[in-house]
Structures are given as C-alpha cells and as structure tokens.
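Note sheet for the following structure.
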Amino acid sequence: MGFTTRVKSEASEKKPFNFALFWDKYGTFFILAIIVAIFGSLSPEYFLTTNNITQIFVQSSVTVLIGMGEFFAILVAGIDLSVGAILALSGMVTAKLMLAGVDPFLAAMIGGVLVGGALGAINGCLVNWTGLHPFIITLGTNAIFRGITLVISDANSVYGFSFDFVNFFAASVIGIPVPVIFSLIVALILWFLTTRMRLGRNIYALGGNKNSAFYSGIDVKFHILVVFIISGVCAGLAGVVSTARLGAAEPLAGMGFETYAIASAIIGGTSFFGGKGRIFSVVIGGLIIGTINNGLNILQVQTYYQLVVMGGLIIAAVALDRLISK
C-alpha cells in the first residue's frame, strides 16, 4: 500500500520547467509573435492588412526555400555560401531555356532545378574530394557560379519569356498564392525525409558526431553529397520562383541571400554545431526574416539597416543556442 501511494505521489509531482525544451519547440513562434506585435503597433493601418500579410508570405517564399536547403548543410555542421549564386544561375538557365523554345514552361523549370541540383552535387563532391571545410569550398563556388551566370547572360537581365510561366506564379489556389503552396509542398517533402526516412535520421546522426556515424556504418561521404544536392535543388527552386516573380532573370539575383538562408535556419532553431533542427521551424525562421524586411520597408527604414538587423539576429541566435546547450 505504501509503495503504491509513493509511486502515485511521485508520478503526480510536476516536472520542473525546462526552458531549453520550451525554446526548442516554441521559440521561433514566440519570436514571430513579438515581431508581428511590434510592427502591428507601429503601423497597424498598413502592416496588419490582409493584402500586406499575404505579401509577407509571398515575399518569404524564396527565403524559406533557400533556408530549407541551408538547413541541411548546417545540420551536418557545414554551411553553403553558394545558395545565392545557385539561385541566380538556375533562374537564368530557366529563362534561357524558355527563350530557346522549350515548352511547356514546366520543362524549363525542371531544367533550372536540375542545374541547381548539379551545382549542389559539385559542392558535395569537392567537399568530399578535398576534405576542406564547406565554408571554403562554397565560398569559392559562389564566385564561380556567379561568374558563369554573368558570362551566359552577358551581364544583362533576361526577359521576354513565357507569360504563362509568370502568370502561373502570380496566381492563387483557394486564395493561397502559388509561391506559398510551392514552398509548403517542398517543406512537407523535406519534413517527411527528415522524420520518416532512414536517410534523414542518418543526416542527423552525421551532424551529431561524424566519427560515431562512420563507425556505426553510415556512409559519411554519400550523405554529405546528398545534403549539398538538396541545398542546390532548394536554391534552384528559389531561382525559378524568383525569376517568375520578377518577370526577368537577373545575373545579380540572390546577392547576399546566403545571409538570409543562414539566418532562416539559425533563427529557426537549427544548431550551428550540427545535429539539431526542425524543417518547419526553418519555415517560421524564413517568415521572421520576411516579416522584419516587410515591416522595416513599411517604416521606410533603409535596406542597409535591414542587413544590420539580420547580422545581429544571426549572432544572437547562435549565442542563445550555445547558452541553452550548456
């Protein structure tokens, strides 16, 4: 009797509040709510309109896509600094294919995305072959891919391609803009990969400890290659969406977007030291970036200050992750 009573009393005792666990699950939502509340109070007549909120989701779609790709690179304690250049080159190839007569535009889109995947594969192969840190490799390929984009475009914008392509990404389905649906579908696929497939579990294990992953039978080089292919495909998809939204392929598109990609992943709770993160938290991280940019634009704050805010958020997010993990 006494034993039963003791067990019940111990089971009924409340566990102490675990801030680290709470923040890991709900931190990004908390940050987004605070930011929305701040801008909503500063400019309710513009910021809190249905049209503006829809625009935030649409504008965030590109950031969310490259952020999800960056998430995988960071998940294995790496980084991909070439996502902006891959975005530009994939978008340029998509536009060039349509101008060359590739029809329907879906075929040109697939071509652009495949280019993104191929560029990601180059990154992965170079990381595996040289043994250098992905920071060095992708810093170099960022310049190479950007240079190729400038060469094939003669440093000029490319436009005049399929109106159906532009109109497709300007349309909505049951009130939801196509770029938003596009991003959500990709997020669902990547969520399934990371939570329901062995490949995803292996990637997490690789990020946690490469040596342990190797000795447990995980093919480290193969998974690093896959990670960078995923990053490249996501950047390629972002390039397609960006080209459609702009109505032109810009050789300098995506300049500095690696900052947004990293910020989306880190603010979304992905550990910069690898092995921890959730894909839908990265989606919220991308929305946070989009909301901040939108709010600052409404308040007529110069773009330069937006970069200052992004840099500060990255430092704060990494510092908080380090503090919580101790």
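Even glycines carry a Cβ here, placed using N, Cα and C.
According to Swiss-Prot, Met92 and Gly147 sit on the same side of the membrane. For the transmembrane segment (19-39), the most Cβ-contacting stretch among 71-91, 125-145, 279-299 is 279-299 (pairs under 8 Å). Taken residue by residue, the topological domain 'Periplasmic' (40-70) breaks down under DSSP into 28 helix, 0 strand, 3 coil. With pairs at least 6 apart in sequence, the transmembrane segment (222-242) and the transmembrane segment (71-91) have 3 or more Cβ pairs within the 8 Å limit; the two touch. Counting Cβ pairs closer than 8 Å and at least 6 residues apart in sequence, the transmembrane segment (279-299) and the transmembrane segment (150-170) reach fewer than three and form no contact.
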